[in-house]
């Protein structure tokens, strides 16, 4: 076995036994929504089956919660991830164990954010590639609700794809949560997007990748278009 292969195996084993994480909090224009509109997954474990409906909003995520968070088009939204439920300490890594990978945010227009199952079309509103931004920012990732987006109910899907054991098919670990939003404003745009499952393939270059080698260019999974209004 080559030394590079041995290094990959050892690092993969170490990373595998380290931390998982959950997107659990939402901020709107710097105001903490205190978990009022998140479909919180039952555990901090990842989804690895890219053909599962759990890919939409995580395990149990087809069932909504009562709260819906209101935000005006053009407003600022921040999602927040941590390793353990209720632990928001910035002293702890948001997602540990060398869980490097992209952060991707999707939205889906729905008739009722509290009851929709997430089976509709999802469009990208923000993405960032292979780095450790979440850990550097206390688990937070911010984006702007597109100013031209039509008003109504939406699901917001926040996702990290951890690539520490993604060198073989089925190794990528996906962590996602859905938030229930009500967008206000006078916009008229209704972007189309992709379905979950279906948006990702197990052999996509951003899904099947050995991160313990030199990476010159990383291809973020999903559609190339990011709707910013």
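Placement of Cβ uses the backbone N, Cα and C atoms for every residue, glycine included.
The Cu(2+) binding site annotation in Swiss-Prot covers 20, 99, 175.
If you look up Swiss-Prot, you'll see 164, 173 marked as O2 binding site, on the strength of similarity to another entry.
Secondary structure at residue 178 (disulfide bond), taken from DSSP and collapsed to helix, strand or coil, is strand. A C-beta separation below 8 Å, combined with a sequence spacing of at least six in one chain, links residue 178 (disulfide bond) to 38, 39, 56, 57, 58, 61, 118, 155, 156, 157, 158. Residues or ranges marked as disulfide bond in Swiss-Prot: 57-178.
In the three-state DSSP reading, residue 76 (N-linked glycosylation site) counts as strand. Taken from Swiss-Prot, the feature N-linked glycosylation site applies to 76 (among others).
In the three-state DSSP scheme, residue 217 (N-linked glycosylation site) is classed as coil. Sequence-distant contacts (6 or more apart, same chain, Cβ under 8 Å) of residue 217 (N-linked glycosylation site) do not exist in this structure. Residues annotated as N-linked glycosylation site in Swiss-Prot, with sequence analysis given as evidence: 217 (among others).
Swiss-Prot lists 1-19 with the feature signal peptide, giving sequence analysis as the kind of evidence.
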TODO: Anything within 10 Å of residue 173 (O2 binding site)? Look among the recorded positions 20, 76, 99, comparing CA atoms, and list what you find.
DONE: 20, 99
TODO: Out of 20, 99, 164, give me whichever of these binding-site residues has the highest number of other Cβ atoms within 10 Å.
DONE: 99
Task: Cβ atoms near residue 173 (O2 binding site) (within 10 Å, other residues, all chains) - done: 24
